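Reading through the structure tokens given below for one structure.
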Amino acid sequence: MTELDSLWEAIQNSFRKSKGDTTYKNLIAPAKPLDFANGRLRIQLPSQYHRDFWEQLTDQVVEIVYQRTGQEIRPDYVLATDPTPLAQTPPRPQSTFKEETPLNPEYTFQTFIEGRSNMMAYASAFAASESPGDQYNPLLIYGGVGLGKTHLMQAIANNMKFHNPSVRIKYVTSENFMNDFVNSIKSGTQEEFRREYRDLDALLVDDIQFFASKGETQTEFFNTFNVLYDNKKQIVLTSDKDPREIPNLTERLVSRFMWGVPVEITSPALETRIAILKSKAEEEHLDVPNDVLNFVAQRINTNVRELEGALMRIRVFSELHQQPITLKLATEALQGMVANTETTVTIDLIQKRVATYYNINQSDITGKKRTKNIVVPRQIAMYLSRELTDNSLPKIGKEFGGKDHTTVLHAIDKIERQVQEDARLQGDLVKLKNDLQA
């Protein structure tokens, strides 16, 4: 085996262990070593997309080779269509703004676990990536933290790049957009800013809720949105809540956001949580028994991020104690986390506690009766559902017998006003909150 073959085998083996199977198959395996001489390792890649990905791995490649040979090398990435080393290619014209925030190549549709809680969002995102600028434009994905919004957004970009590596995509957070806009005003480069954000095939903006109260930024984004939409360019947005619930967001911007397809992601159901854990375990090459997967999924019912965090905690605990992963070990590893998640407040729990407190049935809370002894507890339950959970107004309305989100908003406003002058109501709310959060 030559030195080049030996080094390449070490690099491949390292990434086969550290990257998911999908990433390895699609982005690592297609690379080919060309030669290794004078401290330079030339690696041939099939597309610019692959080269962008490997450039993010440079530090890891250098470390792997150093551990193997004691040499500090420099990787050069070349395209199969143009074997000239990257270092010798003419430099691109420098721009004040980044073309995009680097995408995570592991955020693909193949690695996203689909379930009832995200089925509509998944289908809409995939359709938008296959036919950008068409029926699903703009695409707005909203929901709580750690439920997969960013994963789906980047999966759209990765799929578009897979089909067309030269596609112009800009993926930013709303804060990135605002900072770039402010800097363009300070530096007098607004026209360049507009070219950067409008001469695109797709614009993806994460966390649009941070546009709230930013008047000039909202105006600039409104104009950018219109240019892209009129030119049939794909727009994808994410938010932690329904835009209609975001305070200090202009009506015309909310209207634009709701033009296309707004889809909500909610907390995953039990079977989806198990599938997520199983997929993560396979990706990390962990041997996790089914009873452990079920144990974790039943007790961590909030979001994907916490599920995966729990699994990694079990892994560290297993390695630290040099013991295989068992139900007993998992219980010990998650002792603190499980205690916290078992008290998660849900709409159903709120309805039950409020019904018990006011000596009525839960079916009265979700029903249509309009007598005062039922209407007030129902409004209190809606108010607490908004305050103690991450659910949107439409979701809350659905859980209260299919009420419209405006009915929920009215109930919340009424309780907020009444609690200012009703000491008894204040006391009731304090007792209910303490009971729910105990």
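Glycine too: its Cβ is placed from the backbone N, Cα and C atoms.
Annotated in Swiss-Prot:
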type	residues	note
REGION	1-71	region 'Domain I, interacts with DnaA modulators'
REGION	71-101	region 'Domain II'
REGION	81-100	region 'Disordered'
REGION	102-318	region 'Domain III, AAA+ region'
BINDING	Gly146, Gly148, Lys149, Thr150	ATP binding site
REGION	319-438	region 'Domain IV, binds dsDNA'
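Burial estimate for the binding-site residues (Gly146, Gly148): highest at Gly148, by number of other CB atoms within 10 Å. When Cβ neighbours within 10 Å are tallied across all protein chains shown, the highest count among the binding-site residues Lys149, Thr150 belongs to Lys149. In the three-state DSSP classification, Gly146 (ATP binding site) falls within coil.
Taking the centroid of the Cβ atoms of Gly146, Gly148, Lys149, Thr150 as the ATP site, the other same-chain residues with Cβ within 8 Å of it are Gly143, Val145, Leu147, His151, Leu152, Thr238, Ile265, Asn303, Val304, Arg305. When the region 'Domain IV, binds dsDNA' (319-438) is classified with DSSP, helix, strand and coil residues number 86 helix, 0 strand, 34 coil.
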